[in-house]
Amino acid sequence: MADASLLQELRGVRSATPSVWFMRQAGRSLPEYRALREGTTMLDSCVRPDMAAEITVQPVRRHRVDAGIFFSDIVVPARQAGLGVEIRPGVGPVFDHPVRTAADIDALPVLGDDYEAALDPIREAVRLTVAELGTTPLIGFAGAPFTVASYMVEGGPSRDHLRTRALMRSDPEAWSRLAAWVAELSGRFLRAQVLAGASAVQLFDSWVGALGEEQYRTHVQPHSAAALARVADLPVPRIHFGVGASHLLTPMLEAGATAMGVDHRMRLDRALEILPEGTPVQGNIDPAVLFTSEQARFAEARSVLEAGATASGHVVNLGHGVAPDTDPQVLTDLVSFLHEQDVRPA
Ligand code: CP3
C-alpha cells in the first residue's frame, strides 16, 4: 500500500494537495473530548487505552486532518517511571518533588523492566488507535530532554526556566545525568509507540527557545540526539519542533531529525534559506488567526502554502498548539480550505 501523502511530504515527496494536522488537535476545543474526559484525570485518561485511542481519533473524524497525534502528554513517561506528577487544569504539569540537586538526580528511578512494562497501556492504546485510523497515519511523540527536565527542575511551568538554566551552568555534570535520564525515558516512549504502529514521530522541545545556540549545542543537543537515536533504526520520519526556536533550527535538525517544525515567528521561506537544501518542513499558521475572520484565516493559510512552496516536503500545521477556546468549526473549515488548494508548481 502506498504511504499516505503526509508521510510522503515528510520524506520529501510533494503532493498536489496539502497535508495538514494540528498540534493539540485533540483536547479541550472538542465537546466530545470534554464529555469523554468527564470524571477522569488527564493523566489517567492517557493510560486507559480505549480512552486514549478514542480521544486521538476524535479530531481526525471531525476535522478530516491527515494524521492523528497520539493522545498523551510529555510527562506521561515520567509518571509511568514512578514519579509523582499531575496535570493541573489551566496550569500544566506539576511534580510532587522538584529535581534540583545532584542527590535528587541520583535518586531518580532506574529505567528497567518495570518501566518497559509500564509502557504496555501506551502500546495497547497505539494499537487500538492505528486499527481505528485505517489509512490515516498516527504520529507518535515525546517531550525533548530540555523541556521535560525543565518541568522536573522547576516543579511546574516556568516563564524563563531560570533554575534549569542555572543548573546547566553551575553543575553541568549533574545536568547531563538528568538530561540523559530524560533522553532514555522519552526515547523509549517514542520507540514503544513506533513498534506498536506509529508511522512518524515528533520530538517536542517546546521551551528550548529560552537557550542560546551555544548552550543548546553544549548542554542539550547531545541528549535530544540520544532520544531521537532510539528510533533512528526504524523507517519513520522524525520531526523536531520548538517554540521561539528559529535560531536553533540547524542544531535541532543536526540532533538527528529528518524534518523540522517551524513556529509562526519565522516564515517558512526564511527557514528554508537557513536549513540544508532538501529539509522537509512543518508549519506554521499563526494560531491567533483562528480568532479572526475567515478571510484573514484563509489568507494566512495561502501565505503559508506559498512560503512552503519550494520545500522538498511541507506538512501544514499551526505555529503552536490549538488553544482550548478555539471554535472547532474554524479548524474543520480550515482543513477543507487547505484540501481544496492545488500546490503543484506552476
Ligand atoms: O493533539 C493533542 O492533543 C496531542 C496530545 C498532547 C497533549 N500534550 C495533550 C494535553 C501533546 C502532543 C502534548 C504535548 C505537551 N504537553 C507539550 C508539548 C507541546 C506544546 O504544546 O508545546 C507540553 C509543553 C505539554 C505540557 C502540558 N500539558 C501543558 C502546558 C498543558 C496545558 C495545561 C492547561 O490546562 O493549560 C498540558 C495538559 C494537556 N496535555 C492537555 C492536553 C489535551 C489539557 C488537559 C485537559 O484537558 O485538562
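Every residue, even glycine, has its Cβ placed from backbone N, Cα and C.
Marked as domain 'Uroporphyrinogen decarboxylase (URO-D)' by TrEMBL: 19-28 (among others). Secondary structure of the domain 'Uroporphyrinogen decarboxylase (URO-D)' (19-28) per DSSP, as helix, strand and coil residue counts: 0 helix, 2 strand, 8 coil.
TrEMBL lists R24, Q25, A26, G27, R28, D73, Y151, S206, H320 with the feature substrate binding site. All protein chains considered, the CB of A26 (substrate binding site) has 24 other CB atoms within 10 Å.
The site 'Transition state stabilizer' annotation in TrEMBL covers D73. Cβ-based neighbour count (10 Å, all protein chains) for D73 (site 'Transition state stabilizer') stands at 18.
If you look up TrEMBL, you'll see 139-155 (among others) marked as domain 'Uroporphyrinogen decarboxylase (URO-D)'. Proximity of distant same-chain residues to the domain 'Uroporphyrinogen decarboxylase (URO-D)' (139-155), defined by a Cβ-Cβ separation under 8 Å and at least 6 residues beyond the stretch ends, is recorded for 21, 67-70, 72, 74-75, 77-78, 83, 85, 92-95, 98-100, 126, 161, 163-164, 167, 175, 178-180, 182-183, 185-187, 189-190, 193-194, 198-208, 211, 220, 223-224, 226-227, 239-240, 242.
Neighbour list (R24 (substrate binding site), Cβ cut-off 8 Å, at least 6 residues apart, same chain): G321, V322. Sorting each residue of the domain 'Uroporphyrinogen decarboxylase (URO-D)' (139-155) by its DSSP state yields 10 helix, 5 strand, 2 coil. Here the C-alpha separation of R28 (substrate binding site) and D73 (site 'Transition state stabilizer') works out to 14 Å. Across the binding-site residues listed here (R28, H320), the residue whose Cβ sits among the most other Cβ atoms within 10 Å is H320.
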